[in-house]
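Visitor: Below is one structure. I have some questions about it.
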């Protein structure tokens, strides 16, 4: 942990708590929390439940990390340097009790980030599986996309906590390595998702030409619009944190604040907090959009209406409703 101000983590805490409330309200309106049951849905299964619980487990862990970190930073306060600068208290001057809490909080962050990577990688590989479907139907659990997700998930679930474990003896750089590994993996996955966005309009046209129901086409089009917005916020989440991590590992090329900056270097002080705040906004906005994709509400169905297929009068064949 470097010289981040308490306000940056306070924003993370506020956003995480707001998102947790939004999550609860959305799931209640979706199906009164029935989707959380193991055998819920029309296609119950272990894979679906694992994905649901991985995504939902990320949120409370981020709440714990952000609120606890903000509280610790505010309790430690600020210190005046001999140069005249007033900065957040360096880690070397922290109280022993807060120092003992720091490593468990880093493990909480690493576990939360690993679950987030598992969820985002599953979305990427599953959309790739759908886009690559040809005349010969493939099984998801026997596809190379599913195997890629399994391998990537194992690396994420083991790699993020192991990063924290490997750097536990240098607390001042532990969070830097967590940011570096997590944001690098997240940025790579998001870059691959650009391919999905590029191919998605053609996929929707193919589904529509195959005679899919209007609800299916509308839902796919909605997913396309949501994913466009989410990819933008995913970059706003991972790229700023990647910059912060690289900056901490390359002090000669410092972009953001250095612990012993001269008093007049206000831009560097602003840059660190700005990047952390942008990263927090990108994280929770993209997570909220993921919630809308995972648990999409249909206001048409909730209002008691059902879309009907339009059959031209001169058509001799009723179009198929296969989705």
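Sequential numbering from 1, following the chain as shown.
Any Cβ shown, glycine's included, is placed from N, Cα and C.
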Visitor: Given 80-102, 149-171, which one carries TrEMBL's transmembrane segment label?
Guide: 149-171
Visitor: Which residues of the same chain, at least 6 past either end of the transmembrane segment (149-171), have a Cβ under 8 Å from a Cβ in it?
Guide: 1, 91, 99, 102-103, 106-107, 109-111, 113-115, 117-118, 121-122, 125-126, 177-178, 181-182, 185
Visitor: Using a Cβ cut-off of under 8 Å, list the residues of the same chain at least 6 residues beyond the transmembrane segment (270-295) that approach it.
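Guide: Non-local partners: 2-5, 7-9, 11-12, 15-16, 18-19, 22-23, 26-27, 30, 35, 51-52, 55, 58-59, 62, 66, 116, 119-120, 123, 223, 226-227, 229-230, 233-238, 240-241, 243-244, 255-257.
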